[in-house]
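Data block below; observations after.
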Amino acid sequence: MPSRGCSCWLLSLALLCSLAAAKEQYHEFVIRETTVKRLCKSHNIMTVNGQFPGPTLEINEGDSLIINLINRGRYNMTLHWHGVRQMRTGWSDGPEYVTQCPVRPGQSYRYRFTVAAQEGTLWWHAHSSWLRATVYGALLIRPRDGTSYPFDVQPTRELAPILLGEWWDMNPVDVVRAATRTGAAPNISDALTVNAQPGDLYSCSSHDTAVFPVTSGETNLLRFINAALNTELFVSLAGHNMTVVAADASYTKPYTTSLLLLAPGQTTDVLVTFDQPPGRYYLAARAYASAQGVPFDNTTTTAIFDYGAANNASSAAIAMPTLPAYNDTTAATAFTTNLRGLRKAELPSRVDESLFFTVGVGLFNCTNATAQQCGGPNGTRFAASINNVSFVLPSSTSILQAHHHGAPGGVFTADFPANPPVQFDYTAQNVSRALWQPVAGTKVYKLKYGSAVQVVLQGTNIFAGENHPIHLHGYDFYILAEGLGNFDAGADTGKFNVEDPPMRNTVGVPVNGWAVIRFVADNPGVWLMHCHLDVHITWGLAMAFLVDDGVGELQSLEAPPPDLPLC
């Protein structure tokens, strides 16, 4: 049996080896206009380094990144590293006016952070206006050198990441500005995309199709990212099953399925064995549209998986998968409820903060306004809220800067409600019109460092109930349960999965239903929680947690960097 001194020496040696294995990467991300042609029309779009999608970042767990953002575009810009915990480095999280002021044209800012205790697929995207329509890319986090994936079958190789997106035949910034000006719903997208290509089912798009060469008999790792702005997506690969092994950079128990569901912001890693007759097979994606009577992009995007066989003539028919109906909530629920965490959850036994948040769309009444400003139903303006508070971004400084300097006055208030102001039948078919109008404000909810937090996310049917993908910055959380109708603590708490719940950073709150999440507030700073349908965050479906510093340096937010942009 080794002595205590020997054990300590071995532990120190292991720690030093671990630190030595970690690396630091430096990248320059230059924002600039680039001309691209889709659907027979050329557009000048915002890109990073002229690439669309943007550069793929590939690191190992424990590595650090320095990203020098140089803005040579014509819009303010910030970048968000979606799903990265940003432990104590909230200044690099990216949402404009929440953790930083935007990087203005002609300016630059260096994002600095370490990716620790996370493996799998994350991504990065613009967090200003609707610029993430074209400014996005993959962030791949592999196990440390010498460590294999925790899969029974190791992949022969990894394919290029599969980024699902949306394309507008106009400037997406103009789309959201028009909606904001008029109070109406924004124009829907003109196409869905795979790796920025619509696929050959669209008019004037026969050559705009992503192709993935594959080898017969191999098992490959495929990484899916839903980078679309406003569309949840069903995804299927003709003739092939997919075994889910990770979601949002958290490993899952293997789950074999022919269908994936990804909400905007979510990622899914799957293993696929290419064991079908040599040929070409479509990967297809189309909308899961849960809101009744709401327009959506009902097109289908495709990519081709090509075995490359000698007899695989280009004129041969390409196998097409069968996708569910657009509104198939049963199929959507079946996928999400089958996900389980790979290991037993490290779940806090106590709950210090028990919160109940209603999430949904509403309407602002118009008074003394012109018809041009009231383009919503019956002369209203569209709105959205959490607990009837429609979130408003500050403009004079960021929330985190105001908090750090101890000067919240005029920027935010720390009075976000723990419960909705009025209890009602949240999912009723006819909700009283008196409950449709939220209150606008910039409110945060304060959490003590280390507190165990449980949030019931309750969807409402105030105006067109639908599935809401809720993303929490700075944290992963356990999804304990989800269900339809109104959450009933007495009946539904017993349904909680406390053994192996999936861990994610974005949860789909079912249409006219609920989801329960739990996390420990161990990361000081200001952390946005919002719907990842950009139309909804534009309307105010967001709030922020303000997590106080703990004890000592390692439980406190780092000092702001010297190049932090000013408003």
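Note that the numbers count up from 1, one per residue, in the order the chain is shown.
Heads up, the Cβ atoms here are built off N, Cα and C, so glycines get one too.
Per Swiss-Prot, the feature signal peptide maps to 1-22; the stated evidence is sequence analysis.
What Swiss-Prot lists as domain 'Plastocyanin-like 1' is 30-146.
Applying an 8 A CB threshold to same-chain residues 6+ apart, the list for N76 (N-linked glycosylation site) reads E96, P102, V103, R104, P105, S128, S129. The N-linked glycosylation site annotation in Swiss-Prot covers N76 (among others).
In the three-state DSSP scheme, H471 (Cu cation 1 binding site) falls into the strand class. Taking a C-beta cut-off of under 8 Å and a sequence gap of six or more, H471 (Cu cation 1 binding site) has these contacts in its own chain: H82, G265, N505, T506, M529, H530, C531, H532. If you look up Swiss-Prot, you'll see H80, H471 marked as Cu cation 1 binding site, on the strength of similarity to another entry.
Other C-beta atoms found within 10 angstroms of the C-beta of H125 (Cu cation 2 binding site) number 24, with every protein chain shown included. What Swiss-Prot lists as Cu cation 2 binding site is H82, H125, H532.
H530 (Cu cation 3 binding site) counts 26 other C-beta atoms within 10 Å of its own C-beta, drawing on all protein chains shown. The Cu cation 3 binding site feature in Swiss-Prot is assigned to H127, H473, H530.
If you look up Swiss-Prot, you'll see 158-310 marked as domain 'Plastocyanin-like 2'.
In the three-state DSSP classification, N187 (N-linked glycosylation site) falls within coil. Long-range Cβ contacts of N187 (N-linked glycosylation site) within its own chain (separation 6+, distance under 8 Å): W168, M170, V175, A178, A179. Feature annotation from Swiss-Prot assigns N-linked glycosylation site to N187 (among others).
The 10 Å shell around the Cβ of N241 (N-linked glycosylation site) contains 15 further Cβ atoms across the protein chains shown. If you look up Swiss-Prot, you'll see N241 (among others) marked as N-linked glycosylation site.
If you draw a 10 Å sphere around the CB of N298 (N-linked glycosylation site), it holds 12 other CB atoms from the protein chains shown. Secondary structure at N298 (N-linked glycosylation site), taken from DSSP and collapsed to helix, strand or coil, is coil. Annotation comment: Swiss-Prot describes N298 (among others) as N-linked glycosylation site, evidence class sequence analysis.
The N-linked glycosylation site feature in Swiss-Prot is assigned to N312 (among others).
Residues or ranges marked as N-linked glycosylation site in Swiss-Prot (evidence: sequence analysis): N327 (among others). The C-beta environment of N327 (N-linked glycosylation site), restricted to residues of the same chain at least 6 apart in sequence and closer than 8 Å, consists of Y288, A289, S290, Q292.
Classification of N365 (N-linked glycosylation site) by DSSP places it within a strand. Neighbours of N365 (N-linked glycosylation site), defined as other CB atoms within 10 A of its CB across all chains, total 15. Per Swiss-Prot, N-linked glycosylation site is recorded for N365 (among others).
The N-linked glycosylation site annotation in Swiss-Prot covers N368 (among others), and the record cites sequence analysis as its basis.
According to Swiss-Prot, the feature N-linked glycosylation site maps to N378 (among others). DSSP assigns N378 (N-linked glycosylation site) to coil in the three-state reduction, outside any helix or strand.
Among the features that Swiss-Prot reports, N-linked glycosylation site is placed at N388 (among others), with the record citing sequence analysis. In the three-state DSSP reading, N388 (N-linked glycosylation site) counts as coil.
Closest to H468 (Cu cation 4 binding site) in space, going by CA atoms and restricting to the recorded positions H127, N365, N388, N430, is N388. Here the CA atom of H125 (Cu cation 2 binding site) lies 5 Å from the CA atom of H80 (Cu cation 1 binding site).
Apart from H127, H473, H530, the residues listed for Cu cation 3, the same chain places the Cβ atoms of H80, D93, G94, P95, V98, H471, L528, M529, I537, A542 within 8 Å of the centroid of those Cβ atoms. Of all Cβ atoms in the shown protein chains, 28 besides its own fall within 10 Å of the Cβ of H473 (Cu cation 3 binding site). Cα to Cα, N241 (N-linked glycosylation site) and H536 (Cu cation 4 binding site) are separated by 33 Å. With H127 (Cu cation 3 binding site) as the anchor, the candidate recorded positions are N298, N388, N430, H536, and the one with the nearest CA is H536. Within 10 Å of the Cα of N298 (N-linked glycosylation site), not one of the binding-site residues from the list H125, H473, H536 places its own Cα. On a Cα basis, N378 (N-linked glycosylation site) lies 16 Å away from N430 (N-linked glycosylation site).
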